[in-house]
Amino acid sequence: MLWSLLAVPVVSAAVLYVLYHWLIPTAVQSSGWLALLWHDVILERVLNIMTGSSRPQRMLKAVQKNATKGDPQSVISAIDHYCRHKEWAMNVGDDKGLILDSVLTEVNPSTALELGTYCGYSTVRIARLLSPGSKLITVEFNPAFAEVARQIIAYAGLQDKVTVVEGPSGDLIPKMKERFGIRYFDFVFLDHWKDRYVPDTKLLEDCGLLKKGTVLLADNVICPGAPEYLKYVRNSAHYESRYYKSNLEYTKVEDGLEKSVFLG
């Protein structure tokens, strides 16, 4: 009886595993919608059932096993290796991460905001490059993601540079000045729900959290895509925008980052 109950999910998982390692990789690597469907819908759910854990929890274990405590670069490398060779995840990734690093170094922000913490990968990338005394606030809607992110950030030794805030970005942005004593942000990284890019950008403007020269960097503007955001920043007299072509994290699918400088 027990075997009959287990047979279907076990066989299904085995078939999916074979598909993943032998038949799917080429198609997934070249098709954006297939990559997201396979990794974010099918495979993640199968692995959650098989392991009894979530993808963020598995990423945390990979960091704890393979990274050096207090070494941000080793944490980044551990996550990149896990996501490229074991299980895909929607971090900004190693290719686009270099673009993020370059833009951030150019801006050298005193105050930075990240919308969409997820597991803390990009948070670590950003925080490790901040000058002493600089502040990064990162916003995450999902409490389970935020909890894993806090542990990964702490493992990297960056907890004193980062404040993780849980809740909807639309509710939290208007409270930034009062709650954190922020006058404005020098740098904003948008990597949360794509349909929130435009409303949250407008909210940052309305709340006076952008100053002349503030740089907004938006991820995944091609895959899964943020067409309304691109239309907004590229056609607004308040922004000067540039597209940085790259690849969807850990694939060969085109994606990129949009850098927009607020002109006031």
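Sequential numbering from 1, following the chain as shown.
Yeah, the Cβs are placed from backbone N, Cα and C, and that goes for glycine too.
TrEMBL lists V92, S122, E140, D191 with the feature S-adenosyl-L-methionine binding site. Non-local neighbourhood of E140 (S-adenosyl-L-methionine binding site): G116, T117, Y118, A146, A149, V164, V165, E166, each in the same chain, at least six residues away, with C-beta under 8 Å from its C-beta.
A C-beta separation below 8 Å, combined with a sequence spacing of at least six in one chain, links D219 (Mg(2+) binding site) to V92, K96, S122, F189, L190, D191, D255, L257. Feature annotation from TrEMBL assigns Mg(2+) binding site to D191, D219, N220.
Its Cβ placed at the centre, E249 (substrate binding site) has 26 other Cβ atoms within 10 Å. Sequence annotations record features per position, and here TrEMBL assigns substrate binding site to K194, N220, E249.
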Record-listed substrate binders K194, N220, E249 have a maximum CA to CA distance, in Å, of 16
Note on Mg(2+): the CB centroid of D191, D219, N220 has further same-chain residues inside 8 Å, namely M90, V92, G116, F189, L190, H192, K194, A218, V221, L257
Cα-Cα, E249 (substrate binding site) versus N220 (Mg(2+) binding site), nearest Å, comes out at 9
